[in-house]
Amino acid sequence: MYSFLFKYIIIGDTGVGKSCLLLQFTDKRFQPVHDLTIGVEFGARMITIDNKAIKLQIWDTAGQESFRSITRSYYRGSAGALLVYDITRRDTFNHLTCWLKDARSYANSNMTIILIGNKSDMESKRAVSYEEGRQFADENGLIFLETSAKTASNVEEAFVNTASKIYEKIQKGDFDINNESFGIKLGAPTSKQDGTDQKPAGGGCCK
Amino acid sequence: MIFLFKTSNKYFYLLGVGGSCFLGFVFLYFLKKSYNNKNNKFIESDNNNKNNFEKEEKEMSQQLIEIRKKINDYSKLKYPTKQGILFKKSRYLKEWRNRFFVIEEDILYYFDIEKGNNSNKPIGTPLGIFNLLNCSFTLITNEKRSPLVFKIQEENGTNKDYKNCLISCESAEEFNQWFQLLPQIKQTMDRKKDLVIKLQALSRKKLQQKKYQQLKESALTIQRFYHLYEGERKLARFIFNVIKVQSYARCFIDRMRYKKIKEEIMVIQSHFQVIKAKNRLEKEFMRRRIAQELLSTEKSYVYNLKLIIDIFIRPLINFNSIEQRVLSVSEISGVFGNWERLYKINSDLLVLIQCKLDNWSIDQTIGDLFIENTDSLFEYTPYVTNYDHSRKLLAKLTSGNTNFRNFLDAAQRDKRSKYLDISSFLIQPIQRLPRYELLLRDLLKSTSTLHKDHKYLSKGIVKIKEITMYVNDQQKERENLSQVIQIQKELIMDNIKLSFSSATRLIREGEIKVSKKKTWNYMYLFNSQLVIIQKKDDKKLVKEVIQLEQLGIRDDNSSSSNTITNDSGTDLLNNSSNNLLLLSSTISSPDLSSSGTNAINTSSQALPIGTIGNKFKLIISSKTEISLYFDTPEEKNNWFADIAITLNRLETQKKNFEKSINLQTIN
């Protein structure tokens, strides 16, 4: 079935495009017409790294930005985190420090965090420059990418790069792969191969 | 008879003289009077003379009748032309009798003579009247009495016998006078008439000439006026036409402009109507879609809740024998919490939501459902607060219990679970609760403010937010308690008294130095005390415990000295702008109470002006001070701000406590 299962969490302020990123990655579609933000509970997709089948399971925290204690329940058991801000809203960039503090405090120390500046297609309304994002990522030891859930720019790379980073750490022996609390799970080698990948029914994405 | 004859001769002689004298005067008078009368008649009457004459004859006959009635006595005749006694032959007896004859103007009267006396006066009304103009006079020679006889006969009378009489005289001289006078009177009257006619004609001619002259002048005046009027009329007509044309043109232009404006208005109105209708339809469509989303996600959620019960909970509980039991009852409740209770709560909620959408219409409301039926969501609290324990227990059981791990693997292969592992299901109640606010908020955006549901949704959002915030706060309390308990276990206390209570909260922790030369120590900031420990061989030795009630802090590196102490009762707001900037920036950042081991506190806050250095002082008493050194200025500022905020909070609590004590004392 799969060699590894990596669990991701997508965090960030409300309205930055967390659900849209998830929907674009799992279903390769964008729904700007209905502007719905609900319905995406889980996202799951299979990718291949070094000829190994890796299943990515992604949790969406939409609607929980005001409830920090509830959101912290997601950090435990996550191998990777997508820290998302909106390049057209500076306040979402200014709040990254708080999100990062929470992630570092409540997740395991080896969690891989990637910084994502979403809505890169809205260049005319840009409020945070690429250099600022790059600098913040470098100062905090994060991977950095600018994406657009609408045009699918760098969306694939965001998830795959994080998975590659996690896979490197596994190869180095940084993770105890038998302990599922790190968000990594070994696939059973004797399980039957199933070609179909079950996808959740998504209802829409954010505005 | 001779005496009578002699007397008669004298009388007749006098009458003749007087008569010839008076004749001229009477003639002139009559002529003048007749002229005036005729002139008047001419002016008044028409130009038809024949009709005029006929009318005159009729009028004269009537006049004779009237005159006869009027002149009932001889004294009424005032201007006689000639008068005397003549013999008249009677009509029936054929006798000659004496009668008194009088001529006045053109009428002959004869009266009876008083018989008794010899006065010879006429008496009574006239016995007969002749209009001399209509009479003829003939001499009669065959009469027996005497040759002096003439006959008076009316010419136009129908009955000749009635209107004729024979007159005789005593003497020839007298006869001649009467016989000549009567025709003369007639001739005179005829001549007068001709003269009158001539005068009338002349007068008519002159009058005509005068009228013609006046008419000519009037015609000239009219012609002149006409020319002037014609000119003015033409000008007026021209002006009128110009004004008319202008009016038509203006009317046309106004009509065209009005038509254009009206068309534009109609276009705008139609656009507005289209946009309005479209907007309303889109809003209603969006509203319905979000409501549908609420239903479908709730249905999916309840399905997953049921799935966990069917695949995991019931098989684990329903093992028949004790030997085959995989988990104990306490372990099952430890992992799944009050899962079955959540399933019951949300099944009931799903029924209500389904009922709302089965009867969906434009006027349907859904916010009232969340106002009245969501109190049961408070029961999510034990599940959420137990989640951390559940996750740890699950990890422990998975690694330690082979039977449980095999059970999980078998359950995961069940196709109903969509190949999701159990932790993916256990996180779902954590996910679901905050989603209600998100769904209702989106629904509120698509609901018009005039809609009945707008008010319900606003209240529903408030209620859902209260529930979620309550659950969040309970979780926060749980986390903090675990944190404090963990720290308490790690600390080693020798002779120092350190006590924790259920209200103790950890605010900040990190590395410090109490002097420049010494090694790094570690410090915890709780909400009521400050603890400095020394790490030695992985053990944490408590070196000093400082109660915050008596503590003060001072930053000597600032441009101006800032001292904050509770003893002096100084309010933080009264301090310099440096601390205000620091405090305001710190207060605005969310979640102050979070900190962790080896936390990297990279702050994007702007440093207050004048705040430099990496140390500040703790003022424990008037004699004791401790200088604290930090790794970076940012670290120092964060610690300074947290301690200041905590001191301020203690001061506020102290004041409130004293106030309540005073109130109790008064009561």
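Using N, Cα and C of the backbone, Cβ positions are placed for all residues, glycine too.
Checking the ranges A:34-42, A:43-51, A:97-105 against Swiss-Prot, the motif 'Effector region' annotation falls on A:34-42. For chain B, the nearby binding-site residues by a Cβ gap under 8 A, listed in sequence order, are A:Gly63, drawn from A:Gly15, A:Gly63, A:Lys119, A:Ser148. Annotation for A:Lys119 (GTP binding site): same-chain Cβ neighbours under 8 Å, separated by at least 6 residues, are A:Val16, A:Gly17, A:Asp86, A:Ile87, A:Thr88, A:Ser148, A:Ala149, A:Lys150. In the three-state DSSP scheme, A:Lys18 (GTP binding site) falls into the helix class. Computed over the motif 'Effector region' (A:34-42), the whole-number mean pLDDT of the model equals 45. Counting other CB atoms no more than 10 Å from each candidate's CB, the binding-site residues A:Gly15, A:Lys18, A:Asp60, A:Gly63 peak at A:Lys18. Following the DSSP three-state reduction, the secondary structure of A:Asp60 (GTP binding site) is strand.
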